[in-house]
(Lines of atoms letter the chains of each structure in order from A and count residues from 1; the text may use other names and numbers.)
(Lines give C-alpha, C1' and ligand atoms only; values in the text may rest on other atoms or scores of the structure.)
Protein backbone atom coordinates (compact mmCIF):
# COMPACT_ATOMS: atom_id res chain seq x y z
CA UNK A 1 0.00 0.00 0.00
CA UNK A 2 1.46 3.36 -0.99
CA UNK A 3 1.19 6.43 1.17
CA UNK A 4 -1.47 7.96 -1.08
CA UNK A 5 -3.60 4.80 -0.75
CA UNK A 6 -3.89 5.09 3.04
CA UNK A 7 -6.90 6.95 4.46
CA UNK A 8 -6.14 10.30 6.09
CA UNK A 9 -7.82 10.75 9.49
CA UNK A 10 -10.16 13.75 9.74
CA UNK A 11 -12.05 13.47 13.01
CA UNK A 12 -14.60 10.68 12.75
CA UNK A 13 -14.02 10.45 8.98
CA UNK A 14 -11.23 9.40 6.66
CA UNK A 15 -10.17 11.51 3.70
CA UNK A 16 -8.86 10.26 0.42
CA UNK A 17 -5.44 11.61 -0.63
CA UNK A 18 -7.11 13.09 -3.72
CA UNK A 19 -8.81 15.65 -1.45
CA UNK A 20 -5.45 17.03 -0.26
CA UNK A 21 -3.89 19.83 -2.30
CA UNK A 22 -1.32 21.22 0.17
CA UNK A 23 1.06 19.62 2.65
CA UNK A 24 3.45 21.12 5.20
CA UNK A 25 5.26 19.64 8.17
CA UNK A 26 2.19 19.67 10.44
CA UNK A 27 -0.77 20.70 8.23
CA UNK A 28 -2.81 19.72 5.21
CA UNK A 29 -4.89 21.84 2.85
CA UNK A 30 -8.08 20.05 1.82
CA UNK A 31 -11.00 20.83 -0.45
CA UNK A 32 -14.43 21.13 1.11
CA UNK A 33 -17.16 18.53 0.67
CA UNK A 34 -19.88 21.20 0.92
CA UNK A 35 -18.36 24.62 0.17
CA UNK A 36 -20.27 27.70 1.32
CA UNK A 37 -18.66 29.83 -1.42
CA UNK A 38 -16.50 29.05 -4.46
CA UNK A 39 -12.93 28.46 -3.31
CA UNK A 40 -13.93 27.42 0.24
CA UNK A 41 -11.07 25.22 1.47
CA UNK A 42 -9.77 24.11 4.86
CA UNK A 43 -6.45 23.73 6.65
CA UNK A 44 -6.22 20.89 9.17
CA UNK A 45 -3.48 19.58 11.45
CA UNK A 46 -2.10 16.22 10.29
CA UNK A 47 -2.37 14.86 13.80
CA UNK A 48 -5.91 14.01 14.81
CA UNK A 49 -6.62 16.78 17.32
CA UNK A 50 -10.18 17.66 18.25
CA UNK A 51 -9.83 21.00 20.03
CA UNK A 52 -7.83 24.13 19.25
CA UNK A 53 -6.39 24.28 22.79
CA UNK A 54 -4.91 20.80 22.31
CA UNK A 55 -2.74 21.79 19.34
CA UNK A 56 0.98 22.10 19.95
CA UNK A 57 2.70 25.44 19.38
CA UNK A 58 4.38 23.95 16.31
CA UNK A 59 1.06 22.76 14.87
CA UNK A 60 -0.62 26.09 15.52
CA UNK A 61 2.19 28.12 13.98
CA UNK A 62 2.35 25.83 10.96
CA UNK A 63 -1.43 25.94 10.50
CA UNK A 64 -1.49 29.73 10.46
CA UNK A 65 1.47 30.05 8.08
CA UNK A 66 -0.08 27.39 5.83
CA UNK A 67 -3.40 29.26 5.92
CA UNK A 68 -1.70 32.44 4.76
CA UNK A 69 0.09 30.64 1.91
CA UNK A 70 -3.10 28.89 0.77
CA UNK A 71 -5.29 32.00 1.17
CA UNK A 72 -3.05 34.00 -1.18
CA UNK A 73 -3.57 31.44 -3.93
CA UNK A 74 -7.26 30.81 -3.28
CA UNK A 75 -8.17 34.51 -3.26
CA UNK A 76 -6.34 35.01 -6.55
CA UNK A 77 -7.98 32.01 -8.25
CA UNK A 78 -11.48 32.92 -7.05
CA UNK A 79 -11.40 36.68 -7.49
CA UNK A 80 -12.25 38.26 -4.20
CA UNK A 81 -11.80 41.46 -2.27
CA UNK A 82 -11.82 39.85 1.17
CA UNK A 83 -11.94 36.51 2.94
CA UNK A 84 -13.33 34.90 6.05
CA UNK A 85 -11.31 32.52 8.15
CA UNK A 86 -13.16 30.53 10.79
CA UNK A 87 -12.56 27.77 13.31
CA UNK A 88 -15.55 26.19 15.02
CA UNK A 89 -14.09 24.81 18.25
CA UNK A 90 -16.33 22.38 20.10
CA UNK A 91 -19.90 21.16 19.59
CA UNK A 92 -21.57 24.34 20.89
CA UNK A 93 -19.71 26.39 18.28
CA UNK A 94 -21.13 24.31 15.45
CA UNK A 95 -18.13 21.99 15.03
CA UNK A 96 -19.44 18.80 13.43
CA UNK A 97 -16.12 17.13 12.58
CA UNK A 98 -14.10 16.30 15.67
CA UNK A 99 -10.83 17.59 14.22
CA UNK A 100 -9.57 21.17 14.22
CA UNK A 101 -10.09 22.75 10.82
CA UNK A 102 -9.71 26.33 9.67
CA UNK A 103 -12.10 27.44 6.93
CA UNK A 104 -10.76 29.80 4.26
CA UNK A 105 -13.61 31.42 2.34
CA UNK A 106 -12.97 34.00 -0.40
CA UNK A 107 -15.46 36.87 -0.38
CA UNK A 108 -16.56 39.43 -2.94
CA UNK A 109 -19.06 42.29 -2.95
CA UNK A 110 -22.67 41.16 -2.88
CA UNK A 111 -22.00 37.46 -2.35
CA UNK A 112 -24.43 37.58 0.61
CA UNK A 113 -27.12 40.10 1.56
CA UNK A 114 -25.27 40.75 4.83
CA UNK A 115 -21.61 39.94 5.41
CA UNK A 116 -22.28 37.70 8.42
CA UNK A 117 -24.80 35.60 6.46
CA UNK A 118 -21.86 33.39 5.50
CA UNK A 119 -21.91 31.90 9.00
CA UNK A 120 -25.54 30.86 8.56
CA UNK A 121 -24.61 29.41 5.18
CA UNK A 122 -21.99 27.20 6.85
CA UNK A 123 -24.69 25.79 9.13
CA UNK A 124 -27.20 25.05 6.34
CA UNK A 125 -27.41 21.66 4.69
CA UNK A 126 -25.63 22.02 1.35
CA UNK A 127 -25.19 19.76 -1.65
CA UNK A 128 -22.30 17.33 -1.25
CA UNK A 129 -19.82 17.34 -4.09
CA UNK A 130 -18.75 14.13 -5.78
CA UNK A 131 -15.35 12.60 -5.12
CA UNK A 132 -14.48 13.39 -8.73
CA UNK A 133 -15.37 17.09 -8.39
CA UNK A 134 -13.29 17.35 -5.24
CA UNK A 135 -10.34 15.51 -6.81
CA UNK A 136 -10.41 17.82 -9.84
CA UNK A 137 -10.39 20.95 -7.69
CA UNK A 138 -7.65 19.51 -5.49
CA UNK A 139 -5.48 18.64 -8.49
CA UNK A 140 -5.92 22.14 -9.91
CA UNK A 141 -4.93 23.71 -6.57
CA UNK A 142 -2.05 21.31 -5.99
CA UNK A 143 -0.28 22.71 -9.06
CA UNK A 144 0.19 26.00 -7.17
CA UNK A 145 2.04 24.27 -4.30
CA UNK A 146 4.71 22.06 -5.95
CA UNK A 147 7.03 22.16 -2.92
CA UNK A 148 4.35 20.76 -0.65
CA UNK A 149 4.71 17.35 -2.31
CA UNK A 150 7.94 16.93 -0.33
CA UNK A 151 5.91 16.46 2.85
CA UNK A 152 4.03 13.37 3.98
CA UNK A 153 0.25 13.16 4.28
CA UNK A 154 0.69 11.97 7.88
CA UNK A 155 2.08 13.16 11.21
CA UNK A 156 5.77 12.48 11.55
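In case you wondered, yes, glycine gets a Cβ from its N, Cα and C as well.
Automatic prediction, not curation, is the source of TrEMBL annotations.
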Stated TrEMBL location of motif 'Histidine triad motif', expressed as one of 89-93, 94-98, 99-103, 104-108: 99-103
Check: same-chain CB within 8 A of substrate site center, minus 32, 88, 94, 95, 96, 97, 103: 101, 122
Surrounding CB atoms that lie within 10 Å of the CB of residue 32 (substrate binding site), all protein chains: 20
